[in-house]
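**Q** Pasting the feature list from Swiss-Prot:
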{"type": "BINDING", "residues": "153, 154, 155, 156, 157, 158, 159, 160", "note": "ADP binding site"}
């Protein structure tokens, strides 16, 4: 059996739902090379037939049955896609019938509900949170009064991506503060952070992994040297311990997991967008 499998994320909208669920499923299987392709805005029969032909062509090219992760809400489009002979994984079908029975009503299919601008107020909050994260990145803001969380870590430990994820997916006003040499000379929190102790969450990282990341940014620099990374990480961890700041290692932790831990630790109740 071939270890190369073509995978198509097919959607009548942005494809975010299909790709997110599909990626989560595929990561459960090792030993395979998944060649993925996104097919988005497949919202009529003509587009569905074209997609089906492309999937069929992949079957012939790779000589193996493709996998289709489908989030199209129109069942007719799903039927057309199935003509490709691919393994069809419909992300809604297993649950819609159960929910219709439980709620005693039929679904109202609408493209883009999962990630569209269905609720303007919610969408506006998300955009504001994103702008906040960008304006409060890397300690550039003078105050964290409006922040709901302030991530603290040495440079390149995952602060910015996590803040952006919290903003986009939860509407959280997330700021971050980079620990510099001046801060790391003491086991006490920097003066700027002390008024916001209850909002702080520390990120740490394996020095070897940090060195790899920094090497990509500034090759062969003092900034990327392993001894620099070891010194900074050790100093940051001493500070977090002394100040009793909750921490999490980002070395083998996804942004999704980091964000969930932050929300739980700080008691931030917010539905995912």
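Every residue, even glycine, has its Cβ placed from backbone N, Cα and C.
Keep in mind that this is a model prediction, so the values were computed, not measured.
If you look at the structure here, what lies around each of the features I listed?
**A** Other Cβ atoms within 10 Å of the Cβ of residue 154 (ADP binding site), summed over all protein chains shown, number 26. According to its DSSP assignment, residue 154 (ADP binding site) is in a strand.
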**Q** Same chain, not part of 153, 154, 155, 156, 157, 158, 159, 160: whose C-beta falls within 8 angstroms of the C-beta centre of the ADP site? Give them in sequence order.
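**A** In sequence order, the nearby non-listed residues are 176, 178, 203, 205, 250.
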**Q** Ranked by the number of other Cβ atoms within 10 Å of their own Cβ, which of the binding-site residues 156, 159 ranks first?
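**A** The residue with the densest Cβ neighbourhood is 159.
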**Q** 10 Å Cβ neighbour count around residue 160 (ADP binding site)?
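**A** I count 18 other Cβ atoms within 10 Å of it.
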